[in-house]
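Read through the structure below, which is laid out as structure tokens, and then see the notes.
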Ligand code: ATR
């Protein structure tokens, strides 16, 4: 077998992820294994870029012949301004997490929300049409999820947030003729939950190192519904653990990370992403970090 890393040629697909910091990113491990599994000569590298050098770095990727890159904290919003073209997903989410470079032009996408919804459907082995869906949180992550859910013909989508104004704003922005997105505060939540099929946490409450926190007391989680958390560290949050003990079906956030990457991979390579290989690589990288 030839050593792919020592066999760089002009056919090599150059990819990467820009962030600050970037050392912790699991994307290189996940994408390099995917490229290898698909037999595509390519490399995906971590790119540590400071905010004040973002524009130069982006221009540099074009000059260096990159085919695309991912974008992570803190550059996702700023990246909007540096694109030649924006996909609807990036416009609606107000953030770019994936850039495709073709014919010298940069096109920005957001695959976070659609990645999450694809993983939710896969893990539930079910469509989302006709479902009543409630979302906790109204930040950037919630925007992506609402954007993607509205393409699935749910019966209702309700956004609950600590700062109610933000929930209202998000709901107004995403409402359209066929579906009014609802909004509310945690005080109105119990009434909303009585009619909820799927409850999704998009807040950071419960994320490591604060894994003893939860966005909703256990006694308020309706029995037997579907409960999901975008957080993937820990793999099972307190929220999901407690939902399980209420007889709920639970879906964690690991799939969102895998599928946001899978969409990006498919945009760059034009080939189906080897999703199970990517999931294993991600889990392995997470285990390594703990050692
Ligand atoms: P992200 O891009 O990850 O969504 P964000 O835009 O900062 O991050 O949004 C974080 C979301 O989590 C917000 O909806 C926030 O509520 P507020 O709008 O009221 O700030 C929510 N959130 C974070 N910590 C929270 C807490 N302790 N209690 C309730 N909501 C919280």
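Glycine residues also receive a Cβ, built from the backbone N, Cα and C atoms like all the rest.
TrEMBL names 25, 26, 27, 72, 97, 232, 260 for binding shikimate. Of 84, 112, 212, the residue it gives for the same site is 112. Between the listed binding-site residues, namely 25, 27, 161, 163, 260, the fewest other CB atoms within 10 angstroms of a CB are found at 163. For the shikimate site, the Cβ centre of 25, 26, 27, 72, 97, 112, 232, 260 serves as reference, and the other residues of the chain with Cβ at most 8 Å from it are 17, 70, 257, 261. Packing against the domain 'SDH C-terminal' (253-283) from elsewhere in the chain are residues 13, 15, 26-27, 29-35, 37-38, 40, 42, 67-68, 70, 97-98, 100, 109, 111-112, 114-116, 118-120, 122-123, 228-232, 235: each is 6 or more residues past its ends and has a CB under 8 Å from a CB in it.
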